[in-house]
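Just below is one structure, and these are the notes that go with it.
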Amino acid sequence: MFVDHVKIYIKGGDGGDGMVAFRREKYVPNGGPAGGDGGRGGNVIFEVEEGLRTLMDFRYKRHFKANRGEHGMSKGMHGRGAEDLIVKVPPGTVVMTEDGTILADLVEHGQQAVVAKGGRGGRGNSRFATPQNPAPELSEKGEPGQELDVVLELKVLADVGLVGFPSVGKSTLLSVVSAAKPKIAEYHFTTIVPNLGMVQTEDGRSFAMADLPGLIEGASEGVGLGHQFLRHIERTRVIVHVVDMSAMEGRDPYDDYITINEELKNYNLRLTERPQLVVANKMDMPGAEENLEAFKEKIGADIKIFPISAISRKGLSELLFAIADLLEVTGEFLLHEVQEESDKSVMYKFESERDGFEITRDDDGAYVLSGSSIERLFKMTDFSREDTIRRFARQLRGMGVDEALRERGAKDGDTVRLLEFEFEFIE
Ligand SMILES: Nc1nc2c(ncn2[C@@H]2O[C@H](COP(=O)(O)OP(=O)(O)OP(=O)(O)O)[C@@H](O)[C@H]2O)c(=O)[nH]1
């Protein structure tokens, strides 16, 4: 099995900031608080799109950020939440963290997983009014959206398998039509390694094509390495049969064609039902035209042949269009087999970690606070206002930060750092 593999960065939208505002006139606090809440940031959601076959698009676009929520407004108006960002992925995509934890295993058309949550909106000052403080100059900034690097992995059945005698030009063809070479994994045989390429047609369709090294006569009886190769052909949806029209070294294209088809049939009768396209390669060689005519006569008029020259890149777009068309009408019979094999249950989990905090020391003796909850709190605090700063201090105390600092030996006047912020410790 082949694995297409790509690393991307995703970020949920930040929440909109809450607003500090007062009824009636500005700067007259006794009018009562009227600042609205910020809207929620958009989530980044992965969704299965059955028309997609590869992760090719992610090679060009690797950053996905959802929009932030609108800020809260005066007169108690809340900011609007941002729309979710939907990222389409092909069926069979596994979303993982960099250390391999599975966040989502996306199989069926339309299946969705929220992988980076948007932040909630910050609360406006109307939410902080109390009898003691009826006109607070206090609001929250929006919660930052979750951000993370994720690895997308797609177990690819090659959509297309190239067959043909050795040296007919299979690897040349693959190399001129394919853009990206995915990593090949979980391959059980070290002696032969199939080449896999991602192909994109001019009209934007894409598929995975495998070149399976030379099929030799007798392969179906286990001669040479053919057997291993035939197992892979079984897992492709369409077979592209490459025939060498130069007829060098006394070879006859029609005999070659018959021999290969016999081998496929002997290995597994089902392979004869697999849709097959016939490609006449090396049409740039002297004599190729005549050989093609003779070939056409023997093979019969109802089999369509695509004459190409892989080396001089002739006839390739017609061929790729025809392959893409054929794939569209060919069923997904193989995907099911593969899913059974990889019997992982289809679940996703992504818990935002609400951890504690950590205290370390910098070289200059300053105490450094870190941890996602505390950093989140910091980012939601508007440090231009007294009330919010006081609230931040209260929250830290509530989390046990003061006590922990004291235990670590912090004294009056010591420096405490949190992200880019520095403050003085007061006992
Ligand atoms: N003239 C001409 N030569 C070609 C063309 N395509 C491939 N060749 C040559 O044919 C030879 C064999 O090509 P490969 O692509 O290695 O053939 P293959 O089918 O992958 O061979 P195996 O790996 O042995 O199965 C190379 O020397 C290529 O340069 C073509 O369109 N025209």
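Here the Cβ of each residue, glycine as well, is placed from N, Cα and C on the backbone.
As recorded in TrEMBL, the features of this protein are as follows:
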- 1-157: domain 'Obg' (DOMAIN)
- 117-143: region 'Disordered' (REGION)
- 158-328: domain 'OBG-type G' (DOMAIN)
- 164-171, 189-193, 211-214, 281-284, 309-311: GTP binding site (BINDING)
- SER171, THR191: Mg(2+) binding site (BINDING)
- 349-427: domain 'OCT' (DOMAIN)
* Can you tell which of SER171, LYS282, SER309 has the most other C-beta atoms within 10 Å, given these are the binding-site residues? -> LYS282
* **Inter-residue C-alpha distance, LYS282 (GTP binding site) and SER171 (Mg(2+) binding site) (nearest angstrom)** => 13
* Asked: Which residues of the same chain, at least 6 past either end of the region 'Disordered' (117-143), have a Cβ under 8 Å from a Cβ in it?
  -> 12-22, 29-43, 66, 68-69, 71-72, 76, 78-79, 81-82, 84, 352, 376, 379-382, 385-388, 391
* To do: Average the per-residue pLDDT over the domain 'OBG-type G' (158-328) and send me the rounded value.
  => 81
* To do: Measure from the Cβ of SER167 (GTP binding site) and count the other Cβ atoms within 10 Å, all protein chains considered.
  => 15
* Within 10 angstroms of the C-beta of LYS170 (GTP binding site), what count of other C-beta atoms is obtained when all protein chains are considered? -> 29
* Structure fact -> Simplified DSSP label at SER309 (GTP binding site) comes out strand
* Asked: Where DSSP helix means H, G or I and strand means E or B, what are the helix, strand and coil counts for the domain 'OCT' (349-427)?
  -> 29 helix, 17 strand, 33 coil
